[in-house]
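S.K.: Structure in structure tokens, see below.
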């Protein structure tokens, strides 16, 4: 990943489309944003989205913002606008089994790479949310709180979040005791109580401490397994 082109600046009041405008002033196009949903959940898949929005008014999505800041209804409205307006977009689903096999950080990076690779139009530049993603094959920039300040990342976050929420709602029909349709696999009091009462379902991620505890298993050794902290602590409601 790299920095913005020499001479580029982003004003704090540049708005949601400031990064894209700054890059286009240097002739950089197309610009993709990529983000994920479900990293902090202890059940269900990890989903990554990527989006390239057109320049100008055609790329302005009414109501677009970080998916976590939108209501479910608002996210659905934005989703429909994004798939209609985007020059190219993609969604990648990484199963809970693959998350367990790879570990969450590796699975997360792999999902983001796959989402960019699936775009019909290869991007010239990629904006990512929060941390750099190597192996994309093009220059890019990690943007702090990117899903709140860069439109293409916000669009990607909506694609990922809506897709994952729909999947978790469908999975709820198979395992209704866990109420996946409500908490989407994140830990809440209801989810914790269900884990205690029923043990893990087939779609729970067995690397998480609370899931292993419910299964009567010891936590994974972080040294032997190379796990990052997020996988070895109790996950709480509201994490990604």
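Placement of Cβ uses the backbone N, Cα and C atoms for every residue, glycine included.
Straight out of Swiss-Prot:
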- 29-220: domain 'RNase H type-2' (DOMAIN)
- 35, 36, 129: divalent metal cation binding site (BINDING)
S.K.: Does residue 129 (divalent metal cation binding site) have same-chain partners at least 6 apart in sequence with Cβ under 8 Å from its own Cβ, and which are they?
M.R.: 33, 34, 35, 36, 142, 143, 145, 146, 147, 153, 156, 157
S.K.: Counting other Cβ atoms within 10 Å of each residue's Cβ, which of the binding-site residues 35, 36 comes out lowest?
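M.R.: Each of the binding-site residues 35, 36 was scored by Cβ atoms within 10 Å; lowest is 36.
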